[in-house]
Amino acid sequence: MRDSFLGKRIRGGGYAIKGAWLLLKHEQSIQVQFVLAIIICIAGYFFDITKTEWMFQFLAIGLIMTAEGLNSALEAMADFVHPDFHNKIGHIKDIAAGAVFIAAITAVIIGAFIYFPYIF
Ligand SMILES: Nc1ncnc2c1ncn2[C@@H]1O[C@H](COP(=O)(O)OP(=O)(O)OP(=O)(O)O)[C@@H](O)[C@H]1O
């Protein structure tokens, strides 16, 4: 069972859940995003947004947290492979941060589409 296809998939899922827990426990950026996600969900409940709006909201939350998590993994990898200052490492980290920024802008636009009609 342990080395069967199903066993490997179950183990892989276990590592992934452990990874998500580690992100929440140790990464400040993810913790901030998580708190923001809770606040925005309270807003969704408060404004009684539609089912489609909930879907887009969860998509935006997932997009940001995924980008932020991958950015954290890349930063950790970069620091492990090359702990000293290096222009290339700086470039790699800047690009990864840029990807998070794009995800964040996308989420802000989605949020504006959802909440502007309720607020104004
Ligand atoms: N080893 C390095 N060599 C060159 N530049 C670096 C290096 N480490 C960080 N930098 C520069 O500093 C910026 C911030 O890097 P850092 O690893 O501190 O990320 P951070 O966004 O502050 O994330 P966190 O708060 O999660 O550590 C990078 O985008 C890069 O421009």
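Positions of Cβ are set from backbone N, Cα and C atoms, glycine also.
Per TrEMBL, the features are:
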BINDING   TYR15, GLU27, GLU75, LYS93, ASP94  ATP binding site
BINDING   GLU27, GLU75  divalent metal cation binding site
TRANSMEM  30-48  transmembrane segment
TRANSMEM  54-74  transmembrane segment
ACT_SITE  GLU68  active site, proton acceptor
BINDING   GLU68  substrate binding site
TRANSMEM  95-118  transmembrane segment
If you count other CB atoms within 10 A of each CB, which of GLU68, GLU75 wins among these recorded positions?
GLU68
Give the sequence-ordered list of residues that share a chain with LYS93 (ATP binding site), lie 6 or more positions from it, and have CB atoms under 8 Å from its CB.
LEU74, GLU75, ALA78
Need one number for the ATP-binding residues TYR15, GLU27, GLU75, LYS93, ASP94: the maximum pairwise CA distance in Å, whole number please.
28
Mind telling me which of the binding-site residues GLU27, ASP94 has the densest Cβ neighbourhood, counting other Cβ atoms within 10 Å?
GLU27
Closest of the binding-site residues to the residue listed as 'active site, proton acceptor', Cα to Cα, picking from TYR15, GLU27, ASP94?
GLU27
Candidates near ligand 1 among the binding-site residues TYR15, GLU75, LYS93, ASP94, judged by a Cβ under 6 angstroms:
GLU75, LYS93, ASP94
Under DSSP, is GLU75 (ATP binding site) part of a helix or a strand, or is it coil?
helix
What count of other C-beta atoms do you get within 10 angstroms of the C-beta of TYR15 (ATP binding site), across all chains shown?
9
